[in-house]
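Novice: Here it is, the structure, as structure tokens.
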Amino acid sequence: MIQALLVTICLVGFPHQGSSIILESGNVKDYEVVYPQKIPALPKGGIQRAEPETKYEDTMQYQFKVNGEPVVLHLERNKGLFSEDYSETHYSPDGREITTSPPVQDHCYYHGRIQNDADSTASISACNGLKGRFKHQGETYLIEPLKISDSEAHKIYKSENLEKEDEAPKTCGVTQTSLETDETIKMNFQSANNPEEDYVRKRKYIKLAVVVDNSMYIKYDRNLNDIRSRIYEIVNDVNVFYRLLNIHIALIFIEIWSHQDKINVQPMVRVTLDSFGTWRETDLLPRRSHDNAQLYTNVDFDGPTVGYAYVGSLCKPKHSVAIIQDHTETANMMASTVAHELGHNLGMNHDSGNCICQPTLCVMSETLSSVPFNDFSACSRVDHRNYLIRDLPQCILNKPLRTDIVAPAVCGNNFVEVGGECDCGSPQDCQSTCCDAATCRLRDGAQCDTEECCEQCRFRRAGTVCRAAKDDCDVAEFCTGRTADCPMDGLQRNGEPCQHNQGYCYNGKCPIMTNQCIALWGPDATVSQDGCFHFNENGQGDLYCRRENGVNIQCEPQDNKCGRLFCVQSTSTVQCNYRSSATDPDYGMVAIGTKCGDGRVCNNNRFCVDIRIAY
């Protein structure tokens, strides 16, 4: 009966060519007017179950015409769009913080596909009509309501028919290839059971925090609802990109600087990114746990740059950040920029001339196209894979607990809720041999599905490495033989020697001055001679150990290697180089935990102390 319904319901499209109309997305040259018709659907078996009363349905189908041919758009609500503990913060006119936890589970943002088109995708807002993009037969289309008296009319157009809002090409400002120096990956991946390979295959979850500065707040007429809707639509679309990499993006927090900016947002992207990273580390992270933060602004960055991010930096307190200019009215184009900058955080560099995607540019193209991106290049996938293997970022493995998911339990959404044993997605998408996609139950004889200590549906034997030590300051974790989960990630004790005794472990890292110089000055940099560090004993300008109540406190002679870091480059005749920042007092300082003498490290107060009393 349902199949017959799909065949017999017909829609009349009214193609309209050769003129332009002003839409939310700007000027469109060629478009087609359609009247999407909702198709009633029954669950499997044809029995209508009683559902909790909601404003928006979990699944919907619409039929309309594309190029005169009828298509059916299947939509499923993006149940993972928001984290369980999603909240929003804005500020009153007198600067008071106002934080709320709005009910967002009954939202109107969907992912989907076109029936009988295996390569199709869709990212749609159904809040007021259908608005978003879909891919059909290799072409990207945008759809949105036509704002005329006929409320059912929608406009469909190919993305390339959207006239450019600005003739100047937009670019990403990233030029470096990694946050630190690239390391050669010397690992053997011949074994299918290699822990690093297991890590790469795991589903990843990124809890995203979005910060909106005061200029963007003013741009949207100080309307909090309009800003929320724009962010929701952007993040929903970004999820479509990252499903291709088995990564799920969950919006955990929005902060809107409705009173005044918390940092100086300026056109110089390097300075603004550095300031935002410092604010995130010192202010936002202590009060709101998340994996990655992005700043959206209406400030016009220098030159054609509209985005900037650190490369290979996810899970790092200061560097898991990006800044993005709200450079286009089209939310799908903004989503392309957001996906691009997040790609840098995930280890991807800009695509070279040999990295191509058809028919549009790839996500990591340095120059932003007027057409929304569709895919990551093979080069980006290699970059991302190498980054995961090298850094093994742990924060993105933290999937929501069963009890954390407040939406009704749904089989097929890739989340294991209370009462479920596994969830491998829809029957069409499921690739698991352990899980029954129709029931979300383990198949007969299976003990587990995709967990770290699960192999061929059985618990791995006790003592099997499930998380390898990634460096001297990490420790390996081992399966217990009694559960499919890998034990909690642990770190080497603070103060243990590392990097061939060049340093001592501190919070899972091995901070040594040489690497800090390379990060500041480039691969040919090394630490300056000891005499340079005597400048820190002056307490003048940028040369000191710490600041107290705005006053520079000079270093005592025994502490001078805990103040400003001095470096030398092989190509320079200057022997005592240092860096500083007007907005970040810690920039260019020797990192806490760095070795400052045999058996001695720099503590939080920048004293060079005995390792035995440091921690």
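Cβ coordinates come from backbone N, Cα and C, glycine included.
Feature annotation from Swiss-Prot assigns Zn(2+) binding site to His340, His344, His350; the stated evidence is similarity to another entry. Under the heading disulfide bond, Swiss-Prot lists Cys315-Cys395, Cys355-Cys379, Cys357-Cys362, Cys411-Cys440, Cys434-Cys457, Cys453-Cys479, Cys466-Cys486, Cys473-Cys505, Cys517-Cys567, Cys532-Cys576, Cys545-Cys555, Cys596-Cys608 (among others), citing similarity to another entry as support. What Swiss-Prot lists as domain 'Peptidase M12B' is 204-400, and the listing cites sequence analysis. Annotation source Swiss-Prot lists domain 'Disintegrin' at 408-494, citing sequence analysis. Marked as signal peptide by Swiss-Prot on the basis of sequence analysis: 1-20.
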Novice: Identify, among the disulfide-bonded residues Cys362, Cys395, the residue whose Cβ has the fewest other Cβ atoms within 10 Å in this structure.
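Specialist: Relative to the other disulfide-bonded residues in Cys362, Cys395, Cys395 has the fewest Cβ atoms within 10 Å.
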Novice: So around the Zn(2+) site, His340, His344, His350 aside, which residues have their CB within 8 A of the centroid of those CB atoms?
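Specialist: Along the chain, the qualifying residues are Cys172, Val174, Gly307, Ala309, Val311, Glu341, Gly343, Met348, Asn349, Val363, Met364, Glu366.
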Novice: How many Å lie between the Cα of Cys576 (disulfide bond) and the Cα of Cys567 (disulfide bond)?
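Specialist: About 6 Å separates the two Cα atoms.
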Novice: Considering only the binding-site residues His340, His344, His350, which residue has the minimal Cα-Cα separation from Cys555 (disulfide bond)?
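Specialist: Of the binding-site residues His340, His344, His350, His344 has its Cα closest to that of Cys555 (disulfide bond).
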Novice: Relative to the Cα of Cys486 (disulfide bond), which of the binding-site residues His340, His344, His350 has the closest Cα?
Specialist: His344
Novice: Across the whole of the domain 'Peptidase M12B' (204-400), what does the mean pLDDT come to? Round it, please.
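Specialist: Computed over the domain 'Peptidase M12B' (204-400), the mean pLDDT is 89 on the 0 to 100 scale.
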Novice: Can you check what DSSP calls His344 (Zn(2+) binding site), collapsed to helix, strand or coil?
Specialist: helix
Novice: Would you identify the secondary structure of Cys517 (disulfide bond) according to DSSP, in three states?
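Specialist: Note: Cys517 (disulfide bond) is helical by DSSP.
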Novice: For His340 (Zn(2+) binding site) and Cys466 (disulfide bond), determine the Cα separation and express it in whole Å.
Specialist: 31
Novice: Can you tell me the CA-to-CA distance separating Cys362 (disulfide bond) and Cys473 (disulfide bond), as a whole number of Å?
Specialist: 37
Novice: Out of Cys434, Cys466, Cys532, Cys596, Cys608, point to the one nearest Cys567 (disulfide bond) in space (Cα versus Cα); all of them are disulfide-bonded residues in the record.
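Specialist: It is Cys532, whose Cα lies nearest.
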Novice: Are there residues of the same chain, six or more positions away from Cys440 (disulfide bond), whose CB falls under 8 angstroms from its CB, and which are they?
Specialist: Cys411, Gly412, Val416, Gly420, Glu421, Cys422, Asp423
Novice: I'm trying to understand the geometry here, so how far is the Cα atom of His350 (Zn(2+) binding site) from the Cα atom of Cys434 (disulfide bond), in Å to the nearest whole number?
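Specialist: Their Cα atoms are separated by 38 Å.
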